[in-house]
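All remarks here apply to the structure that follows.
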């Protein structure tokens, strides 16, 4: 981890025989990461899968009106967030692994990099939280869902999510900037300070305690608290689905309404609702697993004040693992949609094979987030 330097770091060159490159390696470490090649290969694989998968997700949702549902709006927003990470964030990180210094994009580039990662981090968890709340209302409070779980409401929530993410990404961004090494040398002509231009790096430049407080607060408000909330919501959803399944079994045994069209349609709606809910539950679990190392990495750096060699070694591994899982979270969602959603799987095939999409009116009525709606002639139990 980088120490909380000021905008420059002065080092004394007197009575030493180190070259400029020697100073750079002593104070900033090697220019190229020792794990660049294996990490680069893993990142490139994630990049290809993630970009193709998320572009397909956005295309499928944008091209097919049957997919214009509140749930899919949140998935579209999540896919946009993932594409921002993969297309803008990953190249920056790969470049830094290739060449740790100098940072060539200047102060503006440093702010952009920090802001991008922070904003996407916040937008992702808020999107998943909003999606989970939408599922909870749709499953546990189906009557209220008719008025709350709507496309207009979803659009407003998504705009709010991105607005909050932009605002809350500013504090951490403002703590970062560019630092350079300055060599102090004393000679007959007096003291001389020389700046090493190749030493510019993007790192923390404000007091360490402010950064620590920001990271700890952000982790609690935008990871731990949402994950606890989401866990409780899905527990309540699971209990509701279990009650519905038991009630369905009792109705099947009693033979009540088994042959009615309305009952068959209702059962189809409930089956699709269970499928969507299971898919989103798995998405949330995978999301939590992928993002936990990222927050562990940040908390470790904010809590440890006296770094030892063993701390540095552990942190190096945590940092690599957190990076892989961070980007993996941006590539795994489309895979989950294919594995767990029949509709997404069909739509993906149609887009990839350039086939026009045709869907019957009856099938259209069973949209993944409209399963709580019923026709006037059918009663949902």
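The backbone N, Cα and C atoms fix where each Cβ goes, and this holds for glycine too.
Just so you know, TrEMBL annotations are computer predictions that nobody has curated.
The domain 'G-protein coupled receptors family 1 profile' annotation in TrEMBL covers 53-337. The annotation transmembrane segment is assigned in TrEMBL to 35-61, 73-95, 115-137, 157-179, 213-237, 276-294, 314-339.
Over the domain 'G-protein coupled receptors family 1 profile' (53-337), the average per-residue pLDDT in this prediction is 85. When Cβ distances are compared across the two stretches, the transmembrane segment (73-95) makes contact with the transmembrane segment (157-179), since 3 or more pairs at least 6 residues apart fall below 8 angstroms.
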